[in-house]
Amino acid sequence: MPVRYLGLAAVLAASVSVVTCASAQEAERKGIAAPPGHVFKTIISGYEFRSKETRALQDDDLENPGFLAVERAADAWKKAEGSAGKSCMSCHGEAETSMKGVGAAMPKWDDKLKKPVNLEQRINICRTENMKAEPWKFKSQELTDMTTFVRYQSHGMKVSVKTDGPMSPWFERGKQIYYTRYGQLDLACESCHERNNGKFMRADFLSQGQTNGFPTYRLRDQRLVPLHERFEGCMFDVRAEPFKPLSDEFIALELYVAWRGIGLPVETPSVRN
Amino acid sequence: MADKPRIKLPKEAAKGEVIQIKTLVSHVMESGQRKDAQGKTIPRKIINKFACEFNGKPVFACALEPAISANPYIQFDAKIDEAGTFKFSWTDDDGTVITAEEKIALKA
């Protein structure tokens, strides 16, 4: 019998050390003070929830594989396509100046469509209406590259979205989706990212679910992943039927989640696991 | 896939100095062990060899295997005794070679 007690003691000791380790991680996790009325006291980028190695990969502009996309799209920016014979550059000039801050404020209200559009949709609207070119498919390398490139021009700027005026019903809709439990596992966004962030769910270390780094280079996929694909993935993981990417539901959710990260710096292209 | 590889090394170095060279190339590195939606094997396509030469002399080379992730990142050190040119080459399974050059000067 004493042997079994010994075994139990060892398990206890091990679990205690895990707890201290997790709280030590918590102490050094940097965040910013949340605006009044926010559900959190501090809002923390997903960056702080990742390992030292992953963070190092994001911090070095050369090692960060997301920059391959930025460079690819910098070339695509200048390339004329479609029957109008225009490139992005023909209308917008140098992206470094004209696109500064654009990615930080998406999704944004579109007067013509009478609804908010996100960056992917905005790029495709430009392609179909101004360039008279085929829109890029969602998840295609071209669209994700360009989204990353445009958002990268806001690198380090604070996330800021408008949620008042015509946006407010969309904001409410997004909020409702955030708190609704979906799927066989009966989980809402809130279950993991609000109530349990900073804890492990099996091997998955839960972050606050901030969107400031998207599109993000996921080491698991070995490519850049746009936000709506991650939304889809989360819904799939809780065994729900996901909404379609770029659907009204996901745009509303994107708006609401962006609001939850107001003030965080844009990190695109970020690296996550 | 014909993107320009990303290379980082100092523009100049003192004689005898050891410098760090970082390289990153865009490549799918398909392992040949995955299957597509129809259950057919996706053919292997990886960069199987990386080599670096300085003024015609080999500095570093390695063989890459299917377990290497996409967009391989390779970092190594080199001792600089003279000014010259680094030549990098990545050899693909299909025989194509991605090449790049980078110059380095000696500090006066």
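The backbone N, Cα and C atoms fix where each Cβ goes, and this holds for glycine too.
Copied from TrEMBL, the annotated features are:
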DOMAIN    A:73-159  domain 'Cytochrome c'
BINDING   A:C189, A:C192, A:H193, A:C234  heme c 2 binding site
BINDING   A:R230  substrate binding site
ACT_SITE  A:C234  active site, cysteine persulfide intermediate
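Annotated features taken from TrEMBL, shown on the structure.
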{"residue": "A:C189", "record": "heme c 2 binding site", "Cβ within 10 Å": "23"}
{"residue": "A:C192", "record": "heme c 2 binding site", "Cβ within 10 Å": "20"}
{"residue": "A:H193", "record": "heme c 2 binding site", "Cβ within 10 Å": "19"}
{"residue": "A:R230", "record": "substrate binding site", "Cβ within 10 Å": "17"}
{"residue": "A:C234", "record": "heme c 2 binding site", "Cβ within 10 Å": "18"}
Shell list (heme c 2; ref centroid = CB of A:C189, A:C192, A:H193, A:C234; cutoff 8 A): A:L187, A:A188, A:E190, A:S191, A:E194, A:L206, A:G209
C-alpha spacing of A:R230 (substrate binding site) relative to A:C192 (heme c 2 binding site), in angstrom: 14
Structural state of A:C234 (heme c 2 binding site), classified by DSSP into three states: helix
Pairwise Cα distance for A:R230 (substrate binding site)/A:C189 (heme c 2 binding site) [Å, integer]: 12
In three-state DSSP terms, the structure that A:H193 (heme c 2 binding site) belongs to: helix
Per-state residue totals over the domain 'Cytochrome c' (A:73-159) - DSSP helix, strand, coil: 42 helix, 9 strand, 36 coil
Longest CA-CA distance among A:C189, A:C192, A:H193, A:C234, per record bound to heme c 2, angstrom: 11
